[in-house]
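*Asks:* Can you read through this structure? Questions will come right after.
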Amino acid sequence: MWWFQQGLSFLPVALVVWSAASFVFSYITAIVLHHVDPLVPYISDTGTIPPERCLFGIMLNVSTFLGMATMYVRYKQVSALSPEQPSVLRLNRLGLTLGWMSCFGLCIIANFQKCILYYIHVLGACLTFGVGAIYMLVQTILSYLMQPELHSKAIFWARLAVFLWSSSSILSMFVSSVVLYSGLYGTNLMQKLHWDPQERGYTPHIISTVSEWSLAFSFLSFFLTYIRDFQKISLRAVVSLQGQTLHESPRGSGAGEQALLIAGSI
């Protein structure tokens, strides 16, 4: 059995590989068609013009569902490992809520392009990266509370390092974006897809775009730390039928019709 076939480790693997592919394929398509500059465009710029916009949208929608599934498995795992620790369980529920909010933001990014509905797109980015960073912090705290009995110290330090990487990228992107869009370098820059290195504002633009790519890959790196944990968990669904047919049961039917007839696991 390969390492990614153990437990549910294929979930974070699929999330990371698919999400990275959505960025790379959209970037390559946009570059080949000369829709953006080759040197570090915004990720959103590579999903603005058809046909890369279609590819970007559908692939990120799949990433949304993979992210939700991965976060739910992590939630169930922590719940099962720490059933009698109220503080851990509260943080775990908070983490799931924040994680799914971040996934919803990713869905907004995928379906509301930057050059069409800019402010809704920015809202999605804030949910994805801002709330997502808080999700990473919560999971890092959980890893600290669960080590060394349930988590190794190495996993905690790895997640802390990735969280700090993500936070520094957010800070860098925020500061450079504020400087870029302050009005000192012109207006309507959010719609600009091509930049000349000699233009005023090019330096903060590059800092902002590099920070965004760094932020995106810090998120992917965080989910890579789930692989070893997910090798030790599997979920199953119990299927039960409340009757022998799918027709509505007639009134007055015996209690046997309401009893559990079949219970299986998948």
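Every residue gets a Cβ built from N, Cα and C, even glycine.
TrEMBL feature annotations, pasted as is:
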- 8-233: domain 'CWH43-like N-terminal' (DOMAIN)
- 12-35: transmembrane segment (TRANSMEM)
- 55-73: transmembrane segment (TRANSMEM)
- 94-112: transmembrane segment (TRANSMEM)
- 118-145: transmembrane segment (TRANSMEM)
- 157-185: transmembrane segment (TRANSMEM)
- 205-227: transmembrane segment (TRANSMEM)
*Asks:* Sequence-remote contacts (6 or more beyond its ends) of the transmembrane segment (157-185), Cβ cut-off under 8 Å?
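*Replies:* Contacts of the transmembrane segment (157-185) (Cβ under 8 Å, skipping residues fewer than 6 from its ends): 129-130, 133, 136-137, 139-140, 143-144, 199-201, 204-205, 207-208, 211-212, 214-215, 218-219, 221-222, 225.
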*Asks:* If we call contact 3 or more Cβ pairs under 8 Å (sequence gap 6 or more), are the transmembrane segment (205-227) and the transmembrane segment (12-35) touching?
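*Replies:* Taking Cβ pairs at least 6 residues apart, the transmembrane segment (12-35) and the transmembrane segment (205-227) are in contact, with 3 or more under 8 Å.
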*Asks:* What parts of the chain pack near the transmembrane segment (12-35), using Cβ distances under 8 Å and only residues at least 6 beyond its ends?
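*Replies:* Residues 4, 41, 43, 45-49, 51-52, 55-56, 59-60, 62-63, 66-67, 70, 193, 216-217, 220, 223-224, 226-227, 230 contact the transmembrane segment (12-35) from elsewhere in the chain.
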*Asks:* Given the model, what does the mean pLDDT over the domain 'CWH43-like N-terminal' (8-233) come out as?
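*Replies:* For the domain 'CWH43-like N-terminal' (8-233), the model's average pLDDT rounds to 91.
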